[in-house]
Amino acid sequence: MAPGSACPLPPTPPPSRVLCCCTRWSSGHQEGEPSGQRGPAGPHTSAQRCQYCTLVLFQKTPEIYSVELNGTKDIDKTDKGDGKEKYRGLKNKPSNCKKNHQIQEIKEELDLNDHKLSNEDLEKKYGTNIITGLSSARAAELLARDGPNALSPPKETPETVKFLKQMVGGFSILLWIGAILCWVAYGIQYSNDPSSSLDNVYLGAVLVLVVILTGTFAYYQEAKSTNIIASFSKMIPQQALVIRDAEKKTIPSEQLVVGDIVEIKGGDQIPADIRLLSSQGCKVDNSSLTGESEPQVRSCDFTHDNPLETKNMCFYSTTCLEGVATGMVINTGDSTIIGQIASLASGVGDEKTPIAIEIEHFVHIVAGVSVSIGIIFFIITVSMKYPVLDSIIFLIGVIVANVPEGLLATVTVTLSLTAKRMAKKNCLVKNLEAVETLGSTSIICSDKTGTLTQNRMTVAHLWFDNQIFMADTSEDHSNQIFDQSSGTWTSLSKIITLCNRAEFKPGQENVPIMKKTVIGDASETALLKFSEVILGDVMEIRKRNRKVAEIPFNSTNKFQLSIHETDDPNDKRFLMVMKGAPERILEKCSTIMINGQEQPLDESRATFHTAYMELGGLGERVLGFCHLYLPADEFPETYSFDVDTMNFPTSNLCFVGLLSMIDPPRSTVPNAVTRCRSAGIKVIMVTGDHPITAKAIARNAGIISANSETVEDIAKCLNIAVEQVNKWDAKAAVVTGMELKDMSPEQLDELLANHSEIVFARTSPQQKLIIVEGCQRLGAVVAVTGDGVNDSPALKKADIGIAMGIAGSDAAKNAADMVLLDDNFASIVTGVEEGRLIFDNLKKTMAYTLTKNMAMVFPFMLYTIVGFPLPIATVTTLFIDLGTDIIPFIALAYEKAERDIMNRKPRHKKDRLVNKPLVLYSLLHVGVIVTLGAFVVYFTVYAQAGFRPSTLIGLRVKWEKDDVNDLEDSYGQEWTRYQRQYLEWTGYTAFFIAIMVQQIANLIIRKTRRNSIFQQGLFSNKVIWVGIASQIIIALILSYGLGSVTALNCTMLRVQYWFVALPYAILIWVYDEVRKLFIRLYPGGWWDKNMYY
Amino acid sequence: MVIRKEKKSCGQVVEEWKEFVWNPRTHQFMGRTGTSWAFILLFYLVFYGFLTAMFTLTMWVMLQTVSDHTPKYQDRLATPGLMIRPKTENLDVIVNISDTESWDQHVQKLNKFLEPYNDSIQAQKNDVCRPGRYYEQPDNGVLNYPKRACQFNRTQLGDCSGIGDPTHYGYSTGQPCVFIKMNRVINFYAGANQSMNVTCAGKRDEDAENLGSFVMFPANGNIDLMYFPYYGKKFHVNYTQPLVAVKFLNVTPNVEVNVECRINAANIATDDERDKFAGRVAFKLRINKT
């Protein structure tokens, strides 16, 4: 696939890892062994294990320090260590070329060296001037050469091709054949007798009309749903601030060209690939490109050979979070990194959705049946010495009778109805058929950040007074129940409030606190909101405690410090508050505050470590807080603090408490995950985060359930080496990207198959593709969520790609089949439910449709073989297919689920929409009853008009002769051709109405497949009754309204004939109730196996 | 998602089919074990047995609503149709005078058709009725059958009776007889108590010219009221349908002539747009002379 995909590349750590680690304050989740300390949750399977755990816990304590001190290097070490321990010996295998090709492609294509060039070289290279920019003329020239700075949209199928596909797809081709045969028949007739009737021409025309109408309708439906998406994905045109002709201009970013000098500021989307020339506190969010959610500092220094990792590059579609920068455009449009990845995504082919396969299967069955019956008939009729012409017409009749013309168009309607319903529940379905695919999903590979979590740091735990308190992490923080009476809390809250640079953006007075926009980084935001919720107006508190000096956080100090005047007018002391990495803070402290009293620290050190370990083990980011009241004598009110010389004490402070933060799971997620599990869906978490954090969130979200353990857990608890543990004893597994990289596809398959709860941590977005492929090799239907551009190949590859509506990039939305408008995992589960429901309901629709085929094919059999006058004409069958049956089809889509469909296993790929019991039950049971009922009506009409059933046998030939105008009936009366014709039409109408009446019963019984109608509620689905009313009204119109239109072959039917088939309709209902009763009584029994569809 | 469709080799397909037909491991024949087959066959036997019974029952009930002598509804037969004898393909009466075979089949048909009209048979089976009035035989509460029919003697057809006719109803001489009959409709009082007759004419002006003169038997093409009403073939066993014979005397040879005959009766409309045979009959006549 890739041009020259030479391999293997040296396993460079993904850039994200390096960058993210150095900005971490706390080491809590960088601790080496990913499972040593667990939160209160996660009880062990045996008491013995727990004992071991406690031991281990304490033994491990010193390691925390080392981890912290070594910072980034340590991650590599531990990760590698993990890999070694877990899959020993794999490390040295040559890295698998095939597996990594995706990553390599992306990396290889980055043959950029602009980041290495000096500004002067750049100017030369791009013929521009850093100060004055390009000239407008030059820019226009370049624009003409390179095209606009926009990603070329994925190739769309031309509308005409889409339209034509609708015209020949499905049953259309059969109907075309039918129509052509009609005209051929007329051609033959015409050559023999120019005055022959035009009936066949009309029939052909009707068939073509049907094809065109249903095709147009289906096309329209699809176009409509595509438009929803189109309007959704259309974005407000972006502007870019560019220097041209030595002037700053705002132009649409589409007009940017290589060599332009652009200025970006916080909040902007980067308009193209940019080499930075100057920068002030610029931070970018590269998550859409690399999957790394941490903001990354950008400056104009060349720091890394890899253009993705060097600091002087910004990439198209990423966002500048804060600061300002100036840069030179070096790539635009499709040649940007994102553009290259997007084109990679388009290389992954579009696949057929399960429902498309199922419908195709249904079409094949029906087409196969109708063509083979047709051909058998043709042979029979020809060998019965019928003229070939007549045989052709019979053939057409059989085909048309068999084909449910209106069905496919209504399936589209049904799917779009569900799509609409899902859109209301925040699942926007781009591809209609994806609705059902979601229902058959067996594995969901979900992102963590934003999908499973709330995507914001939130204070989760507090530790003070030697106690851990839990904070409310729900979306609105409404319920903070921890003890706030302690004096320690008062001090702690003061530090939290004061030692914080984050501020609310002005003008949001009416916005709920949790929704307010904050200027500041994630942790400070969390603290700000936390304190605002508990203490009220933080800004006011800060105002009262005027800040006199401040040392902002930096990665060398690992603390933040500020000095304030106190709000107590009597207290002239300054308050120094400090927060930072807990061990750093602890080092500076000599006392600790317990219950508002300062005490020596010594005894509390152990409890501090335990608490710190525990919080760290929860995957939370831990911060320590301390303060010191500066003695008023040494530091009088006029004292001038100098942060550079640090003319104030920074040791022997008073430790106040710990606060830990996490991006908590959305409150709906644990429940959704449980529902997935009971629905037999495996939820795999794929995240770029650290394994500890990933695992903690996985536990909170229920992806790793409370009572399951990873290999590491078991090893730790039994106090044995990881490799001694039988891998398959562990239900759960946490696998890092590094480990994944070294796995062969077989090993990955084994891993996916044998662990029911899997978390992939530290993965690059490219590895998602590998995971998806692995799942698909196992035969799973895989749903994948993604937001970044890099996710788009995985989204494409997945059976159903789900893009995030809020966080998602355009490329991801383009590649996805579905967009989650609220980015919420729980919405996927709702979608799954809808998808399953639609599958069930489509099954009912198919069963409903198939039933009448018997009643439409049988008449042709008896007509040709027994020689009855034709019971139902080809055109009349169309009234059923395109008239009375249409609304009932759609009505079944509104049927509610019979049982909790979320307690079933996902549909196996072999579970067909139309399976054997369905076909047999519909055709050979209900179908036969409908046929008999219709024939009773037919015989009644003829008998009461003078032709007893016995007379009808073999009557066909004479009956249809135009020159026989004195055909004798059972009473000796003589009939002219027209009189017989009219009787025949009455027969058609009666037969049609008989089918319609029984289809009402058929519609009612199809409401459920297992439960009694009365359990389900006869009136539970109002639309069904609309359907029934529509059937009756259409029949009334055809019989009484249009009865005089000759071409329709309908007559005004006597009222009593409407009721003749009623006993059979009742029989259908009763019989089906009996069937369902036995199914419920003997589940799994012979009856169930043969009768449940 | 890639459609992971494994292409099966031909051998595999055959093997799969073999296994489907007879699976030795599970002892399944066509996907079912012996017991399963027995069950399913038994089920269908019972089920279809029941359906047959149900169908028979409903049909029986339905037939109870139908009387033996009068159909329940006759609304379609309000206007009886007219028809010709000999009945020819597309109602084209083509006579090649020199080619005996061309008309011999007509003659045979007519002989057979007119046999029941022989005077001897009529005299033996049917009554002599009073002309000019309906021959009603009401049931008066008690079924009164078989009902008697009125005589229509073959001799009433005069030159067209074919009795001792060397010209074979005129077919050998190019002066063919065509018989017009009116469709039987039970309990239909044709003519509404007034006399009625059949008239024939060329369809268009040139047809009228080419048609020449013709004679009708009985005279004027009269149909007597005594032949009505008809009580149905079960009760009116020996009912003899009245006929009108038309003998075309000098049809222009080698020309196709469109003839239309219609009945003139007070209660029979002959202008139905859709039913071209309601109260009338159109046929083509062609006498080929060399």
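Just so it is clear, glycine is given a Cβ too, placed from its N, Cα and C backbone atoms.
Curation does not apply to TrEMBL; its annotations are automatic.
Owing to the predicted nature of the structure, the values given are computational and were not obtained by experimental measurement.
The compositional bias 'Basic and acidic residues' annotation in TrEMBL covers A:73-88. Here TrEMBL flags A:113-187 as domain 'Cation-transporting P-type ATPase N-terminal'. As annotated by TrEMBL, region 'Disordered' applies to A:73-94. Residues or ranges marked as transmembrane segment by TrEMBL: A:168-189, A:201-220, A:362-380, A:392-415, A:853-872, A:878-897, A:918-941, A:985-1004, A:1024-1043, A:1055-1071.
Among residues of the same chain six or more beyond the transmembrane segment (A:878-897), those with a C-beta under 8 A of the stretch's C-beta atoms are 206, 210, 214, 400, 403-407, 410-411, 413-414, 417-418, 833, 836-838, 840-842, 844-845, 848-849, 852, 856, 992, 995-996, 999, 1003, 1006-1007, 1016, 1020-1024, 1026-1028, 1030-1031, 1034-1035, 1038, 1048, 1050. Distant neighbours of the transmembrane segment (A:1055-1071): 925-926, 929-930, 932-934, 936-937, 940-941, 990, 993-995, 997-998, 1000-1002, 1004-1005, 1013; these residues of the same chain sit at least 6 beyond its ends, with a Cβ under 8 Å from one of its Cβ atoms.
When DSSP labels each residue, the domain 'Cation-transporting P-type ATPase N-terminal' (A:113-187) comes out as 48 helix, 1 strand, 26 coil, counted as helix, strand and coil in that order. Residues 196, 198, 200-201, 203-205, 207-208, 210-211, 214-215, 359, 363, 366-367, 370-371, 389, 392-393, 395-396, 399-400, 403-405, 407-408 of the same chain sit 6 or more residues outside the transmembrane segment (A:168-189) yet have a Cβ under 8 Å from a Cβ within it. With Cβ pairs under 8 Å as the measure, the transmembrane segment (A:853-872) is packed most heavily against A:392-415, out of A:201-220, A:362-380, A:392-415.
By the Cβ criterion (distance under 8 Å, sequence gap of 6 or more), the transmembrane segment (A:392-415) is counted as touching the transmembrane segment (A:362-380), at least 3 such pairs being found. Within the chain carrying the transmembrane segment (A:201-220), a Cβ under 8 angstroms from the stretch's Cβ atoms is held by residues 162-163, 166-167, 169, 172, 175-176, 178-183, 186, 396, 400, 405-406, 408-409, 412, 874-875, 878, 882, 1047, all 6 or more beyond its ends. Within the model, the domain 'Cation-transporting P-type ATPase N-terminal' (A:113-187) carries an average pLDDT of 81.
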